[in-house]
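Taking it in order: structure first as structure tokens, then the write-up.
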Amino acid sequence: MLRRRLIPSLRNFWEEPKNVFRFVKGAFLMAPLTLSVDVKNSSSSTSLDVSKIMQSPQLRKSKGFASVNTQEDKPFDFFRSLFEGFIAGGTAGVVVETALYPIDTVKTRLQAARGGGKIVLKGLYSGLAGNIAGVLPASALFVGVYEPTKQKLLKTFPDHLSAVAHLTAGAIGGLAASLIRVPTEVVKQRMQTGQFTSAPNAVRLIASQEGFKGLYAGYRSFLLRDLPFDAIQFCIYEQICLGYKKAARRELSDPENALIGAFAGALTGAVTTPLDVIKTRLMVQGSAKQYQGIVDCVQTIVREEGAPALLKGIGPRVLWIGIGGSIFFGVLESTKRTLAQRRPKTVKESKEE
């Protein structure tokens, strides 16, 4: 009976043009609503979930190795990132310098010795206190500049150019830190080679005998070594971490960060050893002026000692920077995570919990 009444009614509906027009118009107006999900009645809803379709593997755009997606990140807080970078960088720098200072002293004495000079193994901690006074602000400044610069560049560059962002941020961080690193390095290496017995005396005598620029001896060679070193080391570290996270689909543990840091440090340290030898020779020459610049330094070393002399100290350097990279990045990531956990929660995050 119901069927006999329903069929004629449907025929009358479709035969009337006004009714058809109203139906089509209503369908278009209701289309956006039918493509949404009713959260309250999701158990009984049969509407189409567009977000699930867009998130399906078939429709996702594939990304290259170690690419970064920052589109859904939290708003960028420059000053908080700067502050946390200062704390994490300073902590990591002091821990590394204290633990590995003797190895660095041996490396410096090897590089500074001309010809077949003997290496003295006494006073391996000579100049540590003064060096830490410089390493603390230098490491803090480096990471404090590197972290916000990296985050800003990652949001600016396409995902597949994340390596360029890391290289650039590393170089910028190194340039900023060089203002503190160079005087610290000059004083440290002069003390390590026995020219001075205390940091205050070293600063006073260098400034009086060579002028203020004496504290920045070898500045260009320092930049020649440290800018590539910082850029390459942090780029290798960040890219391996990103690739590891993508493959493991989880955050890395502190031992994993330390292992990657050791590899990045050792590799970069080996590659930049000739630059380190040149930098050391220019910094420790003092007022004697044995070398007239970077080119003259290279030519003199090769002529008088042979090309292998440019690799002097490579063993201690790789060991020192490899272990140092392990400790530095392990402490750095651990400190950053601790600081992130202590951040005050926003109103949105509190509501979500």
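Cβ from N, Cα, C; glycine included.
TrEMBL does not curate its annotations; it predicts them automatically.
Predicted, not measured: the structure shown is a model, and the values here were computed from it.
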Which range is it, out of 163-182, 223-242, that shows up in TrEMBL as transmembrane segment? 163-182
Other parts of the chain folded back onto the transmembrane segment (124-143), taken as Cβ under 8 Å at six or more residues beyond its ends: 85-90, 92-94, 97-98, 101-102, 105-106, 173-174, 176-177, 179-181, 183-185, 187-188, 191-192, 194, 196-200, 202, 230, 332
In the repeat 'Solcar' (80-152), how many residues does DSSP call helix, how many strand, and how many coil? 58 helix, 0 strand, 15 coil
If I take every residue in the repeat 'Solcar' (256-338) and average their pLDDT values, what number comes out? 89
